[in-house]
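The annotation NADP(+) binding site is assigned in TrEMBL to Leu8, Gly9, Cys10, Gly11, Thr12, Met13. The feature domain 'Pyrroline-5-carboxylate reductase catalytic N-terminal' is assigned by TrEMBL to 59-137. Taken from TrEMBL, the feature NADPH binding site covers Asn94. Annotation source TrEMBL lists domain 'Pyrroline-5-carboxylate reductase dimerisation' at 202-306.
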Amino acid sequence: MGYTLCVLGCGTMGIAVISGVITSLQSRLNTLEIPKWESHTPGTCTPTADSPDPSLPSIFTATVTRKESAQKLQHTFGLLGGLGSSVQVVVGENLAAVQQADVIILSCKPHQAHVILSQIGMQEALAGKLLISILAGVTIAQLTGWVPPTTRVVRAMPNTPCRIREGMTVVSNLPISEEAELDRSIILNIFSSIGRCRFLEEKNFDACTALSGSGPAFACIFLEAMADGGVMMGLPRAEALELAAQTLQGAARMVLQAGAHPAQIKDSVTTPGGCTIAGLLAMEDGKVRSTIARAIQVATERASELGQPAKK
């Protein structure tokens, strides 16, 4: 009853997407599952294998360029059991995979997109289908110039925590079409299975790439620095890292789950003349706030350059 989902250039993020969707599909309605701490996009739900919903995939294909990669993917998907073992991993057969698919996720390197989409026969294979690009810096205008007019093109920007189904994915607004409602359901079912999903205008994508795409790296710098501070003051490394990680996770959950503003949480912890305000002032002296904000700015500017022709 479902559609065929193809991931072109199935690397780390492609593996995360397929694994997340399959894991969700294999969760039965009557199976007791530990509830997630935060809700997904309003109106979405975790897909279930018993649903005849046409917005759910039933066949999965992943393309790679090397046999070694194919073997690794088959092993990875096989560990999921059930549908995982049915994932078709093909080497260098992009055209054939697209011909058999209904929905295509473009997950190759940004500079490879034009070559793949310009392959002989690809235009016909993509006609009338939904193409979801997760390539940083490659715009919808570029993509639509490489595919037939009937191909429905959207951009999606998932991040690394999608690997553990705690990701953040931003999706561009859908083009107007008769299939828009179904396409929206397909997209939400894919990306809400690996975290949270939001729709935004494409003009915001470079900032989203910097904030949620690069954000895990920035957060880990802060996390590591907190743990280093704990070690400096005598805590064992493992315990310092655990305390720091759980503290950041708890604070994030208070924002997402309880809707608390970060400043509100900060003020609730800060008492007059206490250790928290002393530490906050030290951070302000080090310009931590502006440095982090500037990092997002610089990363956004760099994101806008990805996927663009190299300057001669």
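Glycine is no exception: its Cβ is also placed from the backbone N, Cα and C atoms.
Heads up, TrEMBL stuff is auto-annotated, nobody curated it.
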Query raised in the report: If you count the other Cβ atoms within 10 Å of each Cβ, which of the binding-site residues Thr12, Asn94 comes out on top?
Result: Asn94
Query raised in the report: Would you say which of the binding-site residues Gly9, Gly11 has the most Cβ atoms within 10 Å of its own Cβ?
Result: Gly9
**Report entry** Spatial neighbours, same chain, of Leu8 (NADP(+) binding site) - Cβ under 8 Å, 6+ residues apart
**Finding:** Thr63, Asn94, Ala97, Val98, Ile104, Ile105, Leu106, Ser107, Cys108, Ile116
**Report entry** Among Cys10, Met13, the one of these binding-site residues whose Cβ has the fewest neighbouring Cβ atoms within 10 Å
**Finding:** Met13
Query raised in the report: Within 8 Å of the centroid of the Cβ atoms of Leu8, Gly9, Cys10, Gly11, Thr12, Met13, which other residues of that chain place their own Cβ, given that this set defines the recorded NADP(+) site?
Result: Val7, Gly14, Ile15, Ala62, Ser107, Cys108
